[in-house]
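*Asks:* Among the features that Swiss-Prot reports, signal peptide is placed at 1-23. What Swiss-Prot lists as pyrrolidone carboxylic acid is GLN24, and the listing cites experimental evidence. The domain 'Kazal-like' feature in Swiss-Prot is assigned to 30-84; the stated evidence is sequence analysis. The annotation disulfide bond is assigned in Swiss-Prot to CYS36-CYS66, CYS44-CYS63, CYS52-CYS84.
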Amino acid sequence: MALSVLRLALLLLAVTFAASLIPQFGLFSKYRTPNCSQYRLPGCPRHFNPVCGSDMSTYANECTLCMKIREGGHNIKIIRNGPC
């Protein structure tokens, strides 16, 4: 009986640990693609609305992320709104 409880506790611990790794490493990612078509060149608005890119860089706003994508041909997604 005690062995069964110990196994169940270890299984629960392992599942909890694995679930904590999912957002950290982007498994089953819900990253979103920035809508770069809404931003005209040149320049971006100066409003501060930071986004965290999948390259783990914080961008001042979605437009500055789109500029980075355009200049380097990178495929950067938005992990979340706010700084990284």
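A Cβ is built for glycine as well, from the same backbone N, Cα and C atoms used for every other residue.
Any idea what these are sitting next to in the structure?
*Replies:* Within 10 Å of the C-beta of CYS66 (disulfide bond) we count 20 further C-beta atoms, all protein chains included.
Here CYS63 (disulfide bond) comes close to TYR39, CYS44, PRO45: these same-chain residues lie at least six apart in sequence, with C-beta atoms under 8 angstroms from its C-beta.
Proximity of CYS84 (disulfide bond) to non-local residues of its own chain (separation of 6 or more, Cβ distance below 8 Å) is seen for CYS52, GLY53, MET56, SER57, THR58, given in sequence order.
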*Asks:* Return the residues near CYS36 (disulfide bond), defined as same-chain residues 6+ apart in sequence whose C-beta is under 8 angstroms from its C-beta, sorted by sequence, else 'none'.
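*Replies:* In sequence order, CYS66, ILE69, ARG70 meet the Cβ cut-off.
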*Asks:* Give the residue counts of the domain 'Kazal-like' (30-84) per reduced DSSP state, in the order helix, strand, coil.
*Replies:* 14 helix, 10 strand, 31 coil
*Asks:* Count the Cβ atoms, other than its own, that fall within 10 Å of the Cβ of CYS44 (disulfide bond), considering every protein chain shown.
*Replies:* 17
